[in-house]
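Presented below is the structure to which this report refers.
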Amino acid sequence: MQLNSLGFPRIGRRRELKFALEKYWRGESTQAELHEVARELRRTHWQWQVAAGIEQVPVGDFAFYDQVLTLSATLNAIPDRHRGEGAIDLDTLFRVARGRAPTGTDAPASEMTKYFNTNYHYLVPELKQDQVFSIAYEQFFDEVAEAQALGYKAKPVLLGPVSYLYLAKTVGQDFDKLSLLPNLLKAYAEILARFAAQGVTWVQLEEPILALELTHEWQAAISESYQALKTAQVKILLTSYYGSISHHQALVSALPVAGLHLDLVTAPEQLALFANALRPDQILSVGVVNGRNVWAAEVDLIVERIGSVARDLCSQDGSRLWIGTSCSLLHSPVDLEVETTLAPTLRQQLAFAKQKLLELANVRQLLQAPESVAAKEIVNTCLARREAKAQAADAKVIARVAALTPADYERVSEFTERQAVQQRKYRLPLLPTTTIGSFPQTPAIRGLRSRWRKGELSDAQYTEQLQQVTRDTIDRQLKLGIDVLVHGEAERNDMVEYFGEQLEGVGFTKNGWVQSYGSRCVKPPLIYGDVSRPKAMTVDWAVFAQSLTDKPVKGMLTGPVTILHWSFAREDISRDTIATQLALAIRDEVVDLQHAGIGIIQIDEPAFREGLPLKQSEWQAYLDWAVNAFKLSAAGVVDETQIHTHMCYSEFNDTIAAIAAMDADVITIETSRSRMELLNAFEDFEYPNEIGPGVYDIHSPNTPSVEAMVHLIEKAAQKVPVRQLWVNPDCGLKTRTWDEVEPALKNMVDATRELRRRLG
C-alpha cells in the first residue's frame with residue numbers, strides 16, 4: 001500500500017524561492033545562485049516526503065514561475081515575441097510570464113488566469129494553427145536525474161495533453177485547438193520515452209478537465225490520447241482532481257492506463273463506482289487528505305469511509321491501493337512547524353503540506369494495523385480534536401443563524417421606491433462620479449503600519465497620522481470635484497485580512513503562505529470557528545472622513561462571499577453556513593454605519609464568481625446561497641441608505657440574473673478593457689438597478705484622455721439608460737501613485753462634465 005504525493009509546494013517554508021526570484025529579477029544575483037536555491041528546496045522537500053513514507057517522489061511539481069509554463073517550454077510552445085536568438089532558457093520563461101527578464105528583449109507578457117477553481121494562476125499557452133510541438137527545454141528530465149542522483153525513485157508529474165490543450169488559447173487565425181492534438185501526442189510520446197530511458201516506472205498525467213462537463217469532442221480527445229500513449233514504456237497514473245469524474249466513468253474506466261487517481265475529498269461518493277470497474281492489472285490511488293486546505297484530517301473517519309473498498313483491494317493485492325492527497329499540496333502552506341505563535345487550540349486543528357504527508361502514513365497505519373498502539377493514538381487524537389471543536393462552538397451565532405427568516409434577506413422596499421427616496425436625499429447630478437474605494441498605499445503609509453506593528457508608534461500616534469492621510473485623501477477628491485467620496489482605506493493592509501483580524505472565529509498565521517503566481521504569495525485567513533463581530537470595525541474611520549465634508553462618503557466593506565473564498569474555511573460545517581455567519585457580521589457593521597450617519601455603503605464582492613463550481617449543472621445551488629449571503633449582509637437598512645457593490649470580472653452573461661437578484665442599489669464593474677462590451681449582458685437582461693461601468697483601466701499607469709472616457713461613457717449610455725449610469729474607474733487605486741491617480745481622475749470628472757453639458 002503505497003503513499004502517493006501528487007506534488008509539493010515549491011516556495012519554501014520561509015518563501016525562499018520568492019526572495020531568490022526577486023533578487024535575480026533585480027539583478028542582485030546570478031542565475032547560478034537562483035538555481036542553487038531551487039536545488040536546495042527540491043532536495044529538502046524530497047527528503048521530507050521520503051521521511052514520511054513516500055516511495056516515489058513527485059518530480060516536475062517544481063517550477064520557477066508556473067508548471068504549465070514549464071510544460072509549454074518543454075513542448076516548444078513559446079510565443080515568438082519571447083523567444084530571442086538562442087534556445088529556450090529560464091529567462092525565456094520569465095519573459096513569457098513578466099514581459100521582461102535580466103536578458104533578452106522585453107515583450108508583452110502572456111495572459112495569466114486562475115487554474116480551474118483555485119486561487120493559483122497559470123500562464124495561458126498561446127498556440128498557432130501551424131504549431132509544431134517538440135522537446136525544447138530540459139527541466140523535467142534534469143530534475144528526474146537530480147532526484148535519482150540523490151537516491152530517490154522519481155515519479156514525473158505533468159499536465160496531460162488534453163487538459164493542456166483545453167487551457168490554451170489560439171492566436172492568429174481562428175481554428176479548432178483539437179486539430180493540434182495528433183502532433184501534441186507525438187511530443188508527449190517522446191517525453192514518456194525520455195522518462196522511460198531514465199528508468200522511470202510511473203508517470204502522473206493530470207487531466208483535471210475530467211471534472212468538467214465535457215462535450216463529445218473533448219471526451220473523444222481523452223480516449224484518443226490515452227489510446228495513442230498506451231505503448232509508452234512507463235506506467236501512466238491518470239490523475240483527476242478538484243471534483244467528481246463519475247459522469248465520465250465509462251470513458252475513464254475504458255482507458256488503457258495502469259492506474260487512476262480520484263479526488264475523494266470533493267467527491268467521496270465516486271469511490272465505489274470506479275473501484276467496481278477497476279481492472280485486475282490497475283491500481284487505484286485514493287485522494288483522501290485535502291490538498292487545498294489547512295485543517296488536520298479526520299483520519300479515523302477517512303478510514304471508515306474507504307475501509308471496505310480498501311480491504312477488498314488489499315485482499316486481492318496490497319500493492320493495488322495507493323493512499324494520496326486529493327490534489328497537489330501546492331495549494332497548502334508548507335510547514336506548520338514554523339508557526340510558533342499560534343494558540344494551541346488552533347494549532348491542534350491544523351496540518352500544512354509537510355504534516356499532510358504524515359497524515360497519509362496515519363491513514364495507512366489505521367488500515368493495516370487498526371488495533372496497534374499507534375493506531376489507537378491516532379484515533380484518540382482525532383476524537384479529542386473533534387471534542388475541542390464542539391466545545392468551542394458559539395451557541396449565540398448558531399442560534400442566530402437558525403432564527404433567520406425570509407424577511408431578513410429582503411430590503412424594506414423595491415428598488416424603484418428606494419431609488420426615488422435616495423435621489424431626493426442625495427440630489428446627485430446626472431452621471432455621478434465616485435471611485436471604488438482604495439487610494440494609493442504610499443511607502444509612507446506602509447512605513448507607518450510597519451512601525452505601529454513593531455510597537456514604535458502608539459495606537460494614538462498611528463491613528464493621528466492616518467487621520468492626516470485621510471484628510472489629504474478627502475481634500476484631493478474635493479478639489480477634483482468627485483461627487484461621492486471614499487476615505488481611502490489607508491488603515492487597511494488587505495481587504496480580507498483587515499476584517500478577519502477583527503472577527504471572532506478567524507485566525508492568522510505568520511508563515512502560512514501559498515503561491516498565487518510566480519513570486520506572489522498570499523497568506524489567507526483561517527476561518528476556524530463560528531464567526532461574529534465583537535465590535536464595530538470601520539465606523540470610526542467612516543465617521544471621521546464624513547466629518548470633513550458635506551458630500552457623501554461611502555462606508556467600505558468586504559462582502560461575505562469574498563471573505564469566504566479568500567480564506568481557508570473550516571470543513572466541519574457547510575460553506576453556505578459559513579457565508580451566512582459572515583453575512584451577519586457584515587450586516588451588523590452595515591447597520592452601525594447607517595446609525596452613525598453613513599448613508600452610502602459599499603459591500604465589495606470581487607470573488608463572487610470565483611466560487612462557481614466546475615460543473616455548470618451545479619452553479620444554481622451555489623448562486624442561490626451566495627446571493628442570499630450578500631442580501632443578508634445588506635438588508636438591514638432603511639430605504640434612504642444606498643448599497644453599492646463592486647465586481648471585477650471578464651464575463652457577466654451567465655450570471656447576470658444572480659447579479660440582479662443581489663439587488664444592490666448600485667453595482668460598479670470592470671469594463672474599460674472590453675470597451676464596454678461587457679455591458680451587453682446588462683442591456684440584454686434589462687438590468688433594473690444603477691450601474692457604474694469602469695471608464696479607465698487602473699492596472700495601466702497611462703493617463704486616459706478626456707476624449708477616450710467621453711467615448712466610453714457614450715458607449716455605456718447606448719446600452720444602459722443614462723439616469724442609471726455612474727462614472728468611476730475600473731477598480732481600487734491602492735497600487736497606483738498619486739501622480740498617476742490625480743490626472744486620471746481629473747480627466748474622468750472633466751469627461752463627465754462634458755457629457756452633462758451635452759445632455760443638458
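Using the three backbone atoms N, Cα and C, a Cβ is placed for every residue, glycine included.
The 10 Å shell around the Cβ of His699 (active site, proton donor) contains 12 further Cβ atoms across the protein chains shown. According to DSSP, His699 (active site, proton donor) sits in a coil region rather than a helix or strand. Residues or ranges marked as active site, proton donor in Swiss-Prot: His699.
Over all protein chains present, the Cβ of Leu17 (5-methyltetrahydropteroyltri-L-glutamate binding site) has 24 other Cβ atoms lying within 10 Å. The 5-methyltetrahydropteroyltri-L-glutamate binding site annotation in Swiss-Prot covers Arg15, Glu16, Leu17, Lys18, Lys114, Arg520, Cys521, Trp566, Glu610, and the record cites sequence analysis as its basis.
The L-methionine binding site feature in Swiss-Prot is assigned to Ile436, Gly437, Ser438, Glu489, Asp604; the stated evidence is sequence analysis. The Cβ neighbour count for Gly437 (L-methionine binding site), using a 10 Å radius over every protein chain in view, is 25.
If you look up Swiss-Prot, you'll see Ile436, Gly437, Ser438, Glu489, Asp604 marked as L-homocysteine binding site. Annotation for Asp604 (L-methionine binding site): same-chain Cβ neighbours under 8 Å, separated by at least 6 residues, are Gly437, Met495, Met556, Leu557, Thr558, Gly559, Thr562, Thr645, His646.
Other Cβ atoms within 10 Å of the Cβ of Cys731 (Zn(2+) binding site) number 24 in total over all chains. The Zn(2+) binding site annotation in Swiss-Prot covers His646, Cys648, Glu670, Cys731, and the record cites sequence analysis as its basis.
Sequence-ordered, the extra residues of this chain that approach the L-methionine site, with Cβ no more than 8 Å from the Cβ center of Ile436, Gly437, Ser438, Glu489, Asp604, are Thr435, Val486, Met495, Met556, Gln602, His646, Gly732, Lys734.
Between the CA atoms of Cys521 (5-methyltetrahydropteroyltri-L-glutamate binding site) and Cys648 (Zn(2+) binding site) there is a gap of 21 Å, rounded to the nearest whole number. Rounded to a whole number, the C-alpha distance linking Glu489 (L-methionine binding site) with Glu670 (Zn(2+) binding site) is 20 angstrom. What surrounds the Zn(2+) site, by Cβ distance within 8 Å of the Cβ centroid and not counting His646, Cys648, Glu670, Cys731, is the set Ile436, Pro606, Met647, Thr668, Ile669, Gly694, Asp730, Gly732 from the same chain. Cα spacing between Glu670 (Zn(2+) binding site) and Arg15 (5-methyltetrahydropteroyltri-L-glutamate binding site): 32 Å, rounded to the nearest whole number. Proximity to His699 (active site, proton donor), judged by a C-alpha distance within 10 Å, picks out Cys731 from the binding-site residues Lys114, Cys648, Cys731. Overall, the recorded L-methionine-binding residues Ile436, Gly437, Ser438, Glu489, Asp604 cover a maximum inter-Cα distance of 13 Å. Each residue contributes its Cα atom, and for Cys731 (Zn(2+) binding site) and Ile436 (L-methionine binding site) these two points are 6 Å apart.
Residue pairs drawn from Arg15, Glu16, Leu17, Lys18, Lys114, Arg520, Cys521, Trp566, Glu610, the listed 5-methyltetrahydropteroyltri-L-glutamate binders, are separated by up to 29 Å at the Cα level. The Cα atom of Ser438 (L-methionine binding site) lies nearest to that of Cys648, taking the binding-site residues Leu17, Lys114, Glu610, Cys648 as the candidates.
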